[in-house]
Amino acid sequence: MPLIQVDTRRVFKTSFFCVVCLRYHRMTQPADAMSLQMVSAVSNSSLLQPGSSLLNFDGHVFFFGQKGWPKRSCPTGVFFLDIKQNELKMKPAAFSRDSCYLPPLRYPAICTLRSDGESDKHQYIIHGGKTPNNDLSDKVYIMSVVNKTTKKTTFQCIEKDLGGDVPEARYGHTINVVHSRGKSMIVIFGGRSYIPLAQRTTEKWNSVVDCLPFVFLVDFEFGCCTSYILPELQDGLSFHVSVARNDTIYILGGHSLQNNTRPPSLYRLKVDLPLGSPAVTCSILPGGISVSSGIVTQTGDTEFVLVGGYQSDNQKRMICNTIILEDNKIEIVERASPDWTPDIKHCRMWFGYDMGKGSILLGIPGANKQLISDANFFYILRCNRAEEDEDEEEELTSQACSQASTEDQGDSTPFEDSEEFSFSAEASSFDVDDIDTYNEDDEEDESETGYWIICCASCNIDINTWVPFYSTELNKPAMILCSSGSGHWVHAQCMDLSESMLLRLSEANVKYFCNEHVDLNKGLQTPKKVVHLKKQPMKRLHKKKTMKLTTPVKKSFLRRLFE
């Protein structure tokens with residue numbers, strides 16, 4: 001095989017020319033330019049659904065809040081999000097033995113808590129959220145990294161006990177950390193919760209309402225909670241945006257469920273932590289934005305970028321904003337939006353997560369345009385241009401090195417151990433073994449075991465043609481459990497159940513039998529009559545006779561007879 005000769009000087013000249021062109025492109029682009037890049041997702045990316053969260057630990061992004069309960073392939077439900085060469089892969093993560101169980105929570109409130117003296121080391125605080133059973137959580141979890149290798153990351157999760165005015169279970173709220181006079185506090189605000197049990201009816205059993213506009217201060221060291229009622233906060237808000245700096249929190253936008261509005265509100269919460277009781281004040285500021293479910297990523301010490309969200313029920317918010325925080329001042333300016341693709345422009349819904357360091361992962365539904373679809377398209381939106389250009393320069397340099405390494409190494413100086421290790425043992429170049437890799441085949445197939453089933457011979461529920469039949473249905477058909485054998489689910493519509501009957505059966509603790517097993521139901525409810533046999537009482541073997549009492553007349557007669 002002939003030896004291929006490569007002109008090293010030409011290769012490096014080409015690489016140098018590309019880097020120069022890249023730097024020239026950086027100088028000619030506007031300062032607030034953003035780039036949008038599509039990524040191809042593997043099959044298990046169907047777990048990435050609205051309401052999930054991304055956690056950034058030392059530049060490594062982890063996914064939390066998967067669809068459904070964790071399976072045996074990843075019992076923790078936390079995945080490492082590996083994006084290389086525009087391909088998205090998910091690899092399972094592990095928890096230490098002393099960790100508590102962390103359920104997959106949707107729409108929780110998450111914030112970072114920096115360690116003292118270590119700016120790079122931080123923990124994530126997770127509060128509230130929805131469980132796969134559609135229950136709401138009121139617990140607080142602390143998540144941190146305890147061990148990290150090239151192949152596996154091990155987390156530790158601790159549940160924090162709270163006392164005092166504990167916030168009720170909720171979702172769609174925010175949590176922030178404030179610092180004042182050398183002390184820190186956690187602030188929880190907003191969200192939605194289920195209506196109280198005393199107010200629940202059959203029609204409004206799973207209805208949600210905005211939480212009362214209380215501000216909760218949590219002393220994280222002792223777990224003490226205190227609630228504050230501020231006159232400026234009259235209506236509850238959910239899915240709003242909050243950014244914090246030092247002792248101040250800014251609350252922007254949000255959705256009011258009671259009024260079904262997205263008010264252009266902007267509140268400033270200031271928390272003072274003296275030696276005595278904390279003091280919380282609120283101010284209403286002008287210049288708010290009407291937005292809900294917006295995504296915020298931090299691009300600098302005092303700079304944030306607001307992307308996505310909705311400005312009405314049927315209209316996405318395509319405008320992007322830069323939020324600049326200074327001492328007791330906030331500035332919100334519109335910035336140049338990226339070149340949205342036609343798929344993003346025309347889709348009805350979208351969702352996304354903050355990846356940290358000025359990057360956002362955006363998702364839109366697939367081709368069938370259904371809310372229940374698992375086929376999603378994903379894009380990476382980079383708001384921090386400097387970091388993006390550095391990544392591109394590193395990629396060009398690594399390509400030049402790989403091209404130059406194809407030359408004959410006979411006359412070259414051999415690598416030292418340290419250089420060879422740093423050159424070939426990059427942390428991101430390792431793949432997890434097959435035993436640790438997530439396999440979507442372990443997930444339950446909803447087409448067979450979920451809502452989209454064939455419940456009976458005459459079942460007419462189709463994933464492509466189904467429309468809501470009951471007023472209580474949102475985006476999936478109502479089902480009821482048949483009590484025959486081990487139990488199986490059937491569609492209430494296929495069983496010809498009226499809505500009132502369905503609600504009554506769902507409330508009452510009674511057994512239900514589908515049309516195919518109704519005979520079994522009748523047999524259980526109307527048992528056959530059993531003729532009871534009359535049993536004769538058993539005679540005693542030794543029965544004492546009762547003594548009869550003798551009257552005085554008989555006594556006198558017997559006395560005279562014997563005399």
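All residue numbers here begin at 1 and follow the chain in the order shown.
Here the Cβ of each residue, glycine as well, is placed from N, Cα and C on the backbone.
Per TrEMBL, the feature region 'Disordered' maps to 391-418.
According to TrEMBL, the compositional bias 'Polar residues' annotation covers 397-407.
Look at TrEMBL and you will find 408-418 tagged as compositional bias 'Acidic residues'.
A mean pLDDT of 77 is what the model gives for the domain 'Recombination activating protein 2 PHD' (450-527). Taken from TrEMBL, the feature domain 'Recombination activating protein 2 PHD' covers 450-527.
In sequence order, His488, Trp489, Val490, Tyr512, Phe513, Cys514, His517 are the residues near Cys482 (Zn(2+) binding site), counting only same-chain partners six or more apart with C-beta under 8 A. Summarising the annotation, TrEMBL assigns Zn(2+) binding site to Cys455, Cys459, Cys482, His488, His491, Cys494, Cys514, His517.
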Out of the binding-site residues Cys455, Cys494, Cys514, the residue with the smallest number of other Cβ atoms within 10 Å is Cys494
Tell me the Cβ contacts of Cys459 (Zn(2+) binding site) under 8 Å, same chain only and six or more apart in sequence, or just say none. Ile453, His491, Cys494
If you tally other C-beta atoms within 10 angstroms for each of the binding-site residues His488, His491, His517, the top scorer is His491
